[in-house]
Amino acid sequence: MKIAILSRNKRLYSTRRLVEAGEAAGHEMHVIDTLRCYMSMVAHKPEIHYKGEVLEGFDAVIPRIGASITQYGTAVVRQFEMMGVFPVNESVAISRSRDKLRSLQLLSRKGVGLPITGFAHSPDDIPDLINMVRGAPLVIKMLEGTQGIGVVLAETRKAAESVIEAFMGLNVSVMVQEYIKEAGGADIRCFVVGGKVIAAMKRQAAPGEFRSNLHRGGSASLIRITPEERATAVRAARIMGLNVAGVDILRSHHGPVVMEVNSSPGLEGIETATNKDVAGLLIKFIEKDARPYRTQTKGSKG
């Protein structure tokens, strides 16, 4: 098979591992810089050009799109879809999962366990917003933040009011969530591929830190997840429409709660912690499921 990996840096661990795994399985792997792709939209002949050449003959595309280029990146994935190339994750699913608020709204509607979450626009509603999530301590998150950036733990009500008001004053959209103290600064990253959890790790926050992101000094270790946690991760990925997802779960007194569903989960932490060939399993999923893509848009035949 001829497989494209959309990545801005071919030296990144995840990109290198996918190339290695694909080539080991006998596939032709191409790392393509997302931002160097440009598109031609002509009746019945959508094209992607890359560094002066037309991209042709690809069977599948693996999107590794950073949050800062979501709009352009999903447009490129969508163009591959229009060309009939199988996307590991569809463009609409990537867009859906990147919108934190939309993700939680969809998961909430389907009954997936979540931390109590509030969202408001007016500073006048801050007091009730805090009450909504059972008061302080609480977590304040920028909707555009990634890797733990833009996440604040407010220990007191007064601190929460000040931080939320400051964000609102800067026209920064934030959501407020209950603080799951019993999680002890740890979360579980479940790596879902093709409707199955193929690997899971526990991420523990560094001392004095409540964010467990590995980019913020957290540590990772192998963990045995419960059947309920496994089912929750699979369901969350399915609701987002993602074939490949990193589902972040906290253990709370009222069962597993989903914090985030990541459409471009990194491989280094999970492979190191679990000693599993996650990249190889992702390639096997492509071998099994890749087929000419047909758009799902109503009224469209192709």
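Please read every residue number as a count from 1 along the shown chain.
Yeah, the Cβs are placed from backbone N, Cα and C, and that goes for glycine too.
As written in Swiss-Prot, here are the features:
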type    : residues                                               : note
DOMAIN  : 104-287                                                : domain 'ATP-grasp'
BINDING : Lys141, Glu178, Tyr179, Asp187, Arg211, Ser212, Asn213 : ATP binding site
BINDING : Asp248, Glu260                                         : Mn(2+) 1 binding site
BINDING : Asp248, Glu260                                         : Mg(2+) 1 binding site
BINDING : Glu260, Asn262                                         : Mg(2+) 2 binding site
BINDING : Glu260, Asn262                                         : Mn(2+) 2 binding site
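All features noted in Swiss-Prot, drawn onto the structure.
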{"residue": "Lys141", "record": "ATP binding site", "Cβ contacts under 8 Å, 6 or more apart": "Lys100, Gly150, Val151, Val152, Val174, Met175, Val176, Gln177"}
{"residue": "Glu178", "record": "ATP binding site", "Cβ contacts under 8 Å, 6 or more apart": "Pro115, Ile116, Thr117, Val133, Arg134, Leu138, Val139"}
{"residue": "Tyr179", "record": "ATP binding site", "Cβ contacts under 8 Å, 6 or more apart": "Ala136, Pro137, Leu138, Val139, Leu153"}
{"residue": "Asp248", "record": "Mn(2+) 1 binding site", "Cβ contacts under 8 Å, 6 or more apart": "Asp187, Ile188, Arg189, Cys190, Val258, Met259, Glu260, Val261, Asn262"}
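Most buried of the binding-site residues Asp187, Glu260, judged by other Cβ atoms within 10 Å, is Asp187. In this structure, Asp187 (ATP binding site) is part of a beta strand by DSSP.
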